[in-house]
């Protein structure tokens, strides 16, 4: 090798490593390379070169040159000329296989000196960087998603190739946590917001709870379809950019969810009011419709016509109602399809955030700090569902088009501004995605404890790009991990009852304790979800400080499941009866509960059995004024409430007032107290459950393991959950709203049946989770829940970095070796 060729070859090698000679005095501006008085130790400069060129060239075995070998040396001079080192023998032997081929093993037979000789240029005594390799046929965007190859881009923030130096300070775990948690919170907020407006949606579209349950399961279907494939391909690529793409998709889905309001809003409201009108009854101007501008001929459908022979029914079908019913049904089908597609897309979008973000955090923090980060992540995630309920309570206080309809939020005709939530949440998510796009593939190195210096990076084998043909093998490796499978089954049984409970918790509180919709949402947020967040943070701190064993963590998870199941059984006997409903007959086991007329006068009123408009008189409640035999009404100016008089079935009360009677049931306090204790106890298992999943599989398979669990939870938990619980809720219905012979939403539930079925099925499924947790506990001795982190100087490192120990560890399908 001549001096000229050696000079060119050495400079090309330096530049491929990121070296940028700035002057003639041996001071280099490389990325993390040690400077040693104008001379470089080739063992340090050689390390990144191995990681860049060792993919597919040979069998992966390269002889590292001895530390005494000098890559190049410089002599101070005015012409800034670099002099090649005298002895390149060791280096040439070490790079022999690399110099004879390209990066991917498809060399053209030219050496590096021949390939880049034409790039020599007098730039501060150095050479221009070689052009970007064109062997990879992927686009720039695909390359970005796969992580790229630039050393600078792997540790700095930026967009579209612009990575200013001041942005490097933001490439930290703390900044990523802020953006990631914002996305995580918005996702949880979106789902519980949708749950909080279910009553409004059911009333607007006249659909059953089972239908809304199927609608809610669409989000989980999106996760099932994409979880494992996404985590397999994106888990080894540029995870922040994949997460950002999911956030953009989620934003689009949220915006589309609000489209029905802007397309069909006015028409739906007009149709809904027509279907709620009854054409026969004494006139009452106070019940005119704001939307229809009804005249004084419009009537109150709740009053009694004594001795009347007309067919008085809210489901009477004249021509106008039939046409409106047909039009309303067509619009409802279109709107439900839009909702289904929106929730399906949002499920795909949130899969990227949930399954890629947590492993990304775990990879960038020490194993000792991981429990605390997991606790903060899961704890802050709880703010999303809580905020969703609170935001839903706020939005439903506004009328759907911000007009004054002539009645307040307690009126059955009230339709809240349900569409505000998707617009606001989608906008915030879109803004957060911009920040997520700017994060690098790998954050900067972990902080070292005081007094401990960083060790030089060891040779790292590059990760092989995931291939579709290897996907089944990776899935089989996860399925053969027995601990992961039992932990997955446990997660399904843990989350299925909790998801079902919270989906219909506001409705349960409304029915059981006669709360307003916005009050039920606030209680569900503060007494349930925020308590859960407190328990998660406390458990994370406990694991961080006490460092329990994996078996101890598994035992605690089983214990919390047993406590939760027992608590639900206790709550089955804590509720409020419906004995203050006139004519109520509870179920006796053979026949369902029902409400019958209380006097013969009501039998002659031809009342609409499907029109639930409760009134209160003398401490008793009646389905409607008609069922109480009331024949006249008036409006009380002080509070705009309707007063009914001349009630044949209430001789001792001169008048009755619309709405529920005051609830004298004191069991609400006991319910909230016991429920909060159960929620707190169960939430303390969340961090330990996450750590068991992350530690029971190979480090490279963490994202894939999350994908397996996410798919299983979606397929066997979250998809059937709202359908099962929706059917349970519908089974407790006493009065259905019916229009032209078609059942709509439920107007009144039997409190006893609702309580026993709703909480009973929750207790039973949670007990199955307890049984699965016992199996995990027996096998958990094979898991090291807090392994020594090599980058923190643990004894297990042996001078190697974490990446080396992961890449060198063989991946075998045997469960015992993967744990």
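Residue positions begin at 1 at the first shown residue.
In case you wondered, yes, glycine gets a Cβ from its N, Cα and C as well.
According to Swiss-Prot, the feature compositional bias 'Polar residues' maps to 24-34 (among others).
If you look up Swiss-Prot, you'll see 43-62 (among others) marked as compositional bias 'Polar residues'.
Taken from Swiss-Prot, the feature compositional bias 'Polar residues' covers 71-81 (among others).
Annotated compositional bias 'Polar residues' per Swiss-Prot: 807-819 (among others), in sequence order.
Annotation comment: Swiss-Prot describes 593-651 as domain 'Kazal-like'. In the predicted structure, the domain 'Kazal-like' (593-651) carries a mean pLDDT of 78.
According to Swiss-Prot, the feature N-linked glycosylation site maps to 284 (among others), an assignment based on sequence analysis.
Residues annotated as N-linked glycosylation site in Swiss-Prot, with sequence analysis given as evidence: 293 (among others).
Swiss-Prot lists 309 (among others) with the feature N-linked glycosylation site, giving sequence analysis as the kind of evidence.
Under the DSSP three-state reduction, residue 401 (N-linked glycosylation site) is assigned to coil, being neither helix nor strand. As annotated by Swiss-Prot, N-linked glycosylation site applies to 401 (among others), with the evidence given as sequence analysis.
Under the heading N-linked glycosylation site, Swiss-Prot lists 604 (among others).
The N-linked glycosylation site annotation in Swiss-Prot covers 640 (among others), and the record cites sequence analysis as its basis.
The region 'Disordered' annotation in Swiss-Prot covers 1-157 (among others).
The region 'Disordered' annotation in Swiss-Prot covers 444-466 (among others).
Taken from Swiss-Prot, the feature region 'Disordered' applies to 787-819 (among others).
The topological domain 'Extracellular' annotation in Swiss-Prot covers 196-213 (among others) and is backed by a curator's inference. If one looks beyond the topological domain 'Extracellular' (196-213) by at least 6 residues along the same chain, the residues whose Cβ comes under 8 Å of a Cβ in the stretch are 268, 272, 275, 328, 332, 335-336, 388-389, 391-393, 395-396, 412, 415-416, 418, 421, 503-504, 506-507, 510, 517, 521, 721-727, 729-730, 737, 739, 742-746.
Marked as topological domain 'Extracellular' by Swiss-Prot on the basis of a curator's inference: 264-332 (among others).
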Among 401, 604, which are glycosylation sites, the residue with the most C-beta atoms within 10 angstroms of its C-beta: 604
Dominant neighbour of the transmembrane segment (523-543) in 333-353, 374-394, 414-434, 554-574, 708-728, by Cβ pairs under 8 Å: 374-394
Cα distance (Å, whole number) from residue 604 (N-linked glycosylation site) to residue 401 (N-linked glycosylation site): 41
Contact call for the transmembrane segment (668-688) and the transmembrane segment (708-728): at least 3 Cβ pairs under 8 Å, seq gap 6+: no
Long-range neighbours of the transmembrane segment (489-509), counting only residues six or more past its ends (CB under 8 A): 192, 195-196, 198-199, 209, 213, 216, 385, 389, 515, 517, 519-521, 523-524, 528-529, 557, 561, 568, 682, 685, 689, 693, 709, 712-713, 716-718, 720-722, 724-726, 729, 754-755, 758, 761-763, 765-766, 768-769, 772-773, 776
Contact between the transmembrane segment (554-574) and the transmembrane segment (757-777) (3 or more Cβ pairs under 8 Å, separation 6+): yes
Non-local residues, at least 6 beyond the ends, that sit with Cβ under 8 Å of the transmembrane segment (414-434): 159, 179, 182-183, 186-187, 189-190, 193-194, 197, 200-201, 203-204, 244, 247-248, 250-255, 257-258, 260-262, 265, 269, 272, 342, 388, 391-392, 395-402, 405, 407-408
Contact check, the transmembrane segment (243-263) vs the transmembrane segment (374-394), 3+ Cβ pairs under 8 Å, seq sep 6+: no
